[in-house]
Every structure is written in structure tokens, then in C-alpha cells.
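Trainee: This is the structure, below, for whatever I ask next.
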Amino acid sequence: MTTGNLQVAIYGFTSPIRTYEPAGICYETRIIRDKITLGHCTLPIYKNSPVPQPITQEQRKKSSEEPAELRKELFDADNEKYEKYLMKLDPNDCKNQDHYKVLGLSKLRWQATSEEIRFCYRAKVLKHHPDKKKHRGIVMETEEYFTCITKAYEQIGMSDAKRQAFDSVDHKFNDTIPNEKSINPDNFYNELAPIFQLNSRWSSLKPVPGLGKADASRQDVENFYDFWFNFQSWREFSYLDEEDKERGEDRYERREMEKQNKAERERRRKEEAKRIRKLVDMAYAKDPRIIKFKKEQQAKKDKVKEDRQRAIREKQEAIEREKREKEEAEAKQKEEADRKAKEEREREKKERDIAKKAMSQQRKRLKKLAEEAGHWTENPRDKLTEMERIERICIGFTVDQLRELCEKVETLSLHLDIQKALTDAERLKKESAGAKVTLPEDKNKENEKQVEKETWTSEEIQLLVKASNTFPPGTVERWVQIADYINEHRKDSKGLPPKTEKQVIKQCKAVQTMNVKLPATTQNQLGTALPDEDVWSATEQKTLEDAIKKHPASDAERWEKISTDVGTKSKKACIRRFKYLVQMVKNKK
């Protein structure tokens, strides 16, 4: 029957025509996701495929089969307990869920391989997909629970970067470090080796050296600490970003969110670096091997230092020994020179002693001749003059001259002839002294030794004796006062040079050697010239000292009391004696 264009389409009478809708973005996205999930090449739809080459038929067949080395015994059981856990999850809070536990890898976690993650995900999809459950006749109140499985796989199965982000903040990882006080040489390896092994998962460089044992070589220990002191970690904390920049309304807000997230990530990264460094520092400080190595190194340094010091000491000793030998040689030479000089001095001294002894003998000889002859006069005044002349001759004449003069005096018997001989000897001496004065100037030193001796008149000698008694030993500036006394009291002093201190001392010694015995009249006159108050006996001196101690200086009538205690001396005499004693003490100091 022909109906033409009015034919009625009866179901089953004509075959239905299938129409194909052109592939859209949603369709292509699903294809790309499924191929990436299965590990297939995404060409020609998506050129930037993570799979470098197309999967062959053999590879596709192998991928459809179960992996050969899956650790199924470590997978979580997919039972009612798991379903209850899955139903309790909040699909809107997938970020806080345990993705490994959702896929059944809570035992393996970061150690799970990509094949194991993919296998568990496919198993979860086949069993818990809402369509699969409907096909099995299981009615579910909600289908949103499957979103948790999808999000878990997207986080740890599709991208290594996302998986690292989740692994970096895995709540199952123990970040704690043992207390430094709890570590000792006995438990060092047992306590710290597992901690270093656990933290080695964050290292960007592989393989990571282990802590080792007590018998590890020094090179291995140094390599271990060098690696950990320069530890490079891939751990990052982007998973904990509080702000999701994709929710920003504009790019300025998204930039601000990203800025805050980067600051927080950097803070957590620094805290992680400090934690690792604290662990390494503690291990380095407590490592018994490092302590042993440091002791060995210190011992080696000490040995090198000791060797260096010994070398320096030996060198110094050699220098000192050489210096000592040189000094000993110089000392020996000096000692030899001193010995020779001493012998020369002793020889000269012996010669001088002989000459002095000869001079003393001739002087005594002449003085004895003069004393035996009564100085060849009976007049006391002339006798003093002769004594002075004899002393002058003894001082000014040489040994030979004295010997010749003594021999000549011994041959004469008359006093006048002897006096004439003495006068002639003095004249010759003066003439020879005058001749020597006319010598050239280059012999001044020798001439100074032969300078004419100053002559003293009998009057000056008498004044000297009187002044010596007036100013006894201990008087302040005694010889100056004696010289002033002589120059002041002598007659006809205008044409004569004043007597000096040295001349007074010299003449006084000469007078003492002559044993001058003044006439009784002169002695009486000198005795009366000396005040009685300035002559103190031992008893009076003792009484004065006791009185000075008895009466303090604060007493206004001190010296009257002292004078009364002494009894024989006036107040002025006591004061004068006290000043004299004080001056004597000062002179001794």
C-alpha cells in the first residue's frame, strides 16, 4: 500500500535514524580526563598530553590487567565500615579529608605508587559509583558522597605537584624532635636514626645518607652531616592556603589573596627549616663519633703545636747555648784581662808600698834626727817654725832627696850648718819647681802634680790649733768654719791668699803627724778660749737625754725644766747642745 508522503511511521516498521551531536567542550573534557586517568595518550584532542607517546595495543591490553606488583595486602578493606566512613564525609569540605583513607591507602600513604593509586581509584569507582549501585539495585539517598572519591583522586592521583602539596601537610606525619637531654651515647643511634629516616622523605636529592652506626668511617659521617646541614627540602605548604584566589572577584583581590598565601607559606617553610636544623645540630652535638673525631683532631693539633713549640724551644736553646758559650768565652777573656790587670795593680801597689815604706822610713829618719837634736833650737817659737819646715820637707821632697838630706844632716854636727843645709835643700827644691813651671803647656798634667805646697806661718798654725779646739768634731761645716776663722784672725792677710777647706784639712793632718806640743802658756790660752758650757761629760749628756724625753715639746717652760734637771748647764747651752745633736743625726743620714 502506497501512502506517499502521508505514510505513518509505525514503530518497528522503519529503522530509527541515529543523529550525532557535534562534540563540544564538555565532551572533550570528559574524554581527556578519562584518557589521563587510564594513562592513555590524549592525541589528537589534547596535544599537551602527560603521556609522551601513544599507548600501543599491547600496552593498552596490559593496562587493563592488574599490575603485577600491587601490595594488596596493605590496602584498606572495602566493607561496611568503609561505607559508613564514606557517608560521613562532607562533600563541601573535601580539603580537610584524608585522601589516602578515602582511596583505601591509609597504610601506604605517601609510599603508595601511582599504579596503586590508580588501581584503588578504579576499584572504588566500579563499586561506589552511583550508576553502578543503581545497576545493582541499591538505592542511595544521595549521590554526593562520590565527590569525595573524585576529589581524593584529583588531589593525589592526577598531579604530582598536588600530591606533594597534600603529603607536605599529612597529619599522620610526626614533626616532633626528641628532647636533647634524653639523648645519650647509649640510645643515640636507636633514637635518632628513625627520625632522620622519616624526615628523609622531604629531601629533593636522592639517595639520602643514613645516620649509620658507631663503626662508620669518618668520611661517611662527614658526608652525612654535610648533606643534612645543606638539606634541600621539597616540602611546601600551599595546601594550607586559607584564601582561595579563584574566589576573588577581580584580579586585584586575587593578587592580594596570593600575596597573603605566599607570606604564610614562607613562614611555614622557615619554621620547617629551623626544625630540621635543630635536629641536625642536636645530633651533631650528641654524636659520640663526632666527639671522638674532635678529640683525635685536637690531639693531632696539640701534637703539631707541641712539635712546633719543641722546635722553637730547641732553636731558642741552641741560640742561648751559643750565646752562653760566647759569653763564657768573653767572660774568660775578661777574667784573664782582669787577672792580668789585677797582677799589674798588685805589682804597682807593691812598688808603691815599697816606695811608700821607703818614704816613711826616710821621713821618720829625718824627724828622728830633728827630735833628737831638739829641732836645733831652744826657742819654742823657733822650734815650731823648724817643726813646720821639717814637715814641709817631708811632704815635698822625694825619697832620694830625703835620703841625701838625712845623710848630709848626719855628717854635720853644728846646728847652724844643719839649718843652712835644710835651707839650701829647700832653695834647690823651689828652684827646681820654678824650672818646671816654665815647661810647655802640653805637660800641664805632670806639672800639676808638682805644684808648690802652700806655706803656713807659725801664727796660722796656732790659729789652726785654736780653731780645731773651738770647733770640735761633729760641728756643722767644721772645716769651712775653721778656714773662715783663720782667714779672719790672721795678721797681714791682705797680701796672702785665703786658706781653703782642703788646705785646712791637709795642714791639720800634717800637724797631727808632727805630734806638736804647744807651750804651757799657749795651751792655757786655748783652754780659756773654749767655753765650759759647750763641753759635756757623759753624765751630763745622759741627764740631758733623759730630761728631753721627760718634758714634752708642748710645755712652755720645757728648757727651763731641762736646764734645772741637768744642773750644771744653762738654758742656752742645753738648746745649743740639742741643736748640735740633731745636726749630727742628720749628717749621719
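Counting begins at 1 with the first residue displayed.
Glycine is no exception: its Cβ is also placed from the backbone N, Cα and C atoms.
TrEMBL lists 58-69, 291-356, 368-380 with the feature compositional bias 'Basic and acidic residues'. Taken from TrEMBL, the feature domain 'J' covers 98-170. Feature annotation from TrEMBL assigns domain 'Myb-like' to 448-504, 536-582. Annotated region 'Disordered' per TrEMBL: 50-69, 248-272, 291-380, 433-454, in sequence order.
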Trainee: Take every residue in the domain 'Myb-like' (536-582), average their pLDDT values, and give the whole-number result.
Mentor: 86
Trainee: Could you tell me what the rest of the chain brings near the region 'Disordered' (248-272), counting residues at least six beyond its ends with Cβ under 8 Å?
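Mentor: Tertiary neighbours of the region 'Disordered' (248-272) are 233, 235-238, 240-242.
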Trainee: Quick one: DSSP breakdown of the compositional bias 'Basic and acidic residues' (291-356) into helix, strand and coil?
Mentor: 66 helix, 0 strand, 0 coil
